[in-house]
Each structure stands twice: as C-alpha cells, then as structure tokens.
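Engineer: Taken from TrEMBL, the feature active site covers A:11, A:38, A:131. Taken from TrEMBL, the feature domain 'CheB-type methylesterase' applies to A:1-187.
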Ligand SMILES: C[S@@+](CC[C@H](N)C(=O)[O-])C[C@H]1O[C@@H](n2cnc3c(N)ncnc32)[C@H](O)[C@@H]1O
C-alpha cells in the first residue's frame, strides 16, 4: 500500500490516547492526518495548542476549502463536521449531528474513503459510543486499512469494539504500535 | 481515481433539478451534498440516485422533500454569541448615524438569526428605523421563519446565547410559552419582508447597511462563493457591513479587495467606499 492520508477518531479518553500516537509520528511523515475528537460544542479548541507543543508535525485547526498539505495534522473545529472533498481539499459543515456528535467520526471517514480509496488508513481509538464504526467499514470497503485500538487498554472499549464488529478486517493495535505501523505504510 | 457511477448520477440529478426547477446545487460543496443524497436514498428506499432523478422530474411534490435533504436547516438564536456582541458593540454605533436602515439576513433558515437581530435592534433602539429582509430558498424554512415558533426545549440554549451576546432584557420578554412551544412576538417581524431568493441564481438587493449571511457560504464551492461575495458587495451601501459564519472567510475570494476586516475575529467585514 502507498499511504496518502490518515484519519483518526477518538472520543472519551481520546486526548490521552492521541498523546501516545501523534507525537510518535516523525518529522519526515509526509502524509496529511485528519483527526476528529468529540468535544462539547461551545468550547474553545484547546487541542491544537496542546498537540502543537507535543508533535513533530505541524498541527492546526482544519479550515473550510483548505487544500491538504503533507505532514500536517488537522483537527476538526468544535461544532463542525470535517469532510474531505475530491481533489484533496477539506470542507467544514454544520449539518445535523451524526451519532449525537458534531464533529462526527463517520462523516470524516466516509468522505475520506471516497476521496482516497485504497490510499487511506482509518484509526479508531477509545470512546463510549459507536461513532466511527460505519466510517471504518467505508474505509475498508474502499480498499483502505483499518486500525483499531486494543480494547483491553482502551479507557472505554465501546467505540473500538463497535469498529471491530463493523470492520472485521481491521487490525487491533496497542497505542504505541500505531505510529510505527502508519510510518511503515508510507514506504 | 475515475468518477464513480454514483458521482455521475449525482451530477445528472443536480443538472436535472436545475434544468427543470431552477434550483441550482451544481456548485455546492459536493461531499456534503453526496452524504445528504445518500441519506435520502436510504430513507426513501430507492435503489439508486437515478431513481430519485426520475421521481423528482415526474412528480413535483417530491421537490420540497428533496430540498429538505439538499439544504441544511441547522441554526440557533444568537448562535456564536460573540458575533452578536461584536455587532452590538462595534457595528451598532455606526448604524446609529443613519436615519433609516436596511438589513438583509441571507439564508435565514427558520428565522433564528432574524429574530436574534430583530431583538438586538429593538434593544439598541434601532428597530423603528430598520427594514429587515429575510431570504432563503427553502419554502418550508421561510414559512417557519414567518411563524417564529420554536420548541420550548430549545429556549434554554437561546436564552444563554442571548445573555452571552450582551442581551439587555430577558429573552422571555419576547415570546409567550404555549404548551411546548415558544411563540415569538409578531411585533419583532412587523418590519420584515420574507422572500424566496437564491444567492446562486437571483440578483442583488439594493443599498443594504448590513448583510448577515452565516453558515451558507460554507456549503458552496470556491467559484460559487466568489459569485456570492460579489453579489453582497453589489448589494451593500458604501461602508456597509457584512457578517459571515465563524468558519467562513473572504480571504480566498476574488473580490476580497472590495472589503476590509472590521472585526476580524468575528468575520465582520466592511465594504470599502469607492
Ligand atoms: C445552515 S443554515 C444557516 C442558518 C443561519 N443563517 C445560521 O447561521 O444559523 C443554511 C441556510 O441557507 C439556505 N440556503 C442554501 N442555499 C441557499 C441559496 N442558494 N440562497 C439562499 N439561501 C440558501 C438553506 O436553505 C438554509 O436555510
């Protein structure tokens, strides 16, 4: 596989989990990474600052109609869905919540699967709902790779469990295995 | 990647809707349109997008239902309170200098943004000299806007937003509760003209002092955004104000040079006077 993009979804316990994945991506990682974390709608987005300090890659909040750049980590802003358009630009929308969430992991994963097909890796981490399951299924059906956090080590196992059931071909991983696995896919 | 059959069908459906009904969704951000059409497909139980095309061409009662999928009616009163606070504190002092005012709420959805502005203008003592123009392409949404009735369980959020926006009175002074509904005072819309107007296919409105068009441009592709920004510039008086959604920007627009930042953080712009 030649990796063209990564999408990651996390919910309850997600900030902790992401702290063990994103900082391990090396400076030479030349692929865009898009992340949805469930956060309350009327909050300022503190994630960008937090991860900008920890990561080797550039970290920013995703903007509407922004062309994707390699080696950049994009976070969905609170209260907006993050989508990928054909032609590899990002889009935001304030469509209805999906799985009671905006941003929703399914929305990002499904649109990214459409745009990147077999060049996409989808990663589902800890969480207390089922968001991301349909999305990961779409990633796998489009020929992409699914990675799911090992449930025993997830703060809340509901989300990774649901993703594994929807997408049996997904690989189960410990957090510290994820960045090296993604890095290996770029070669 | 080559175009999928589904993508071809979507293009054909949008062409058909445009040619037969003159609703033009061809330059809307496609990923969101596609998701929404697939939802319609699942809900209606058709086999393919082509079947939706056939249905909507032959049965015009399908069109309003399709519009409800193709347009997004998510809104709140005083959504992003800091935007309304900036209007109150920074824009209103300029508006006060005019003897009469015209305000256009473009893409007004079910009226939440209109009533927010009507309340703000009433609280600032500008209501009597202002005409509001509330426009949208979705007839069902416009009808709801005209009625000004919202489920009571949304009022708590609206009230918090109103307070956070610098609201002077209690929101409850502007509506009466009727069972599970909040009915907003008709006096708030006395000076409002509601009309079916498309930013994509219709012409400019004249001499506005303020245009508030929030979370509509985000649904358009770059090319269409350009058209609409130009339309706004043509519809504003010199020195008129334009407010857009918090995640929208004029930065990439071909017509950005017609505007200056007025309150940058709140996406409030001012038409330059030349
Ligand atoms: C997400 S709502 C925004 C509501 C409100 N302005 C706000 O920010 O809360 C988008 C609205 O734009 C309307 N709309 C979509 N296309 C339009 C067009 N071409 N012209 C005018 N309104 C349009 C939709 O019907 C919908 O009511």
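Heads up, the Cβ atoms here are built off N, Cα and C, so glycines get one too.
Please situate the listed features within the shown structure.
Structural biologist: Under DSSP, residue A:11 (active site) is assigned to coil, being neither helix nor strand in the three-state scheme.
Applying an 8 A CB threshold to same-chain residues 6+ apart, the list for residue A:38 (active site) reads A:10, A:11, A:12, A:14, A:101, A:103, A:105, A:127, A:129, A:131. In the three-state DSSP scheme, residue A:38 (active site) falls into the coil class.
According to its DSSP assignment, residue A:131 (active site) is coil.
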Engineer: Averaged across the domain 'CheB-type methylesterase' (A:1-187), what pLDDT does the model get? Just tell me the whole number, please.
Structural biologist: 95
Engineer: Which is it, of A:11, A:131: the one of these active-site residues whose Cβ has the most other Cβ atoms within 10 Å?
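Structural biologist: Result for the most crowded candidate: A:131.
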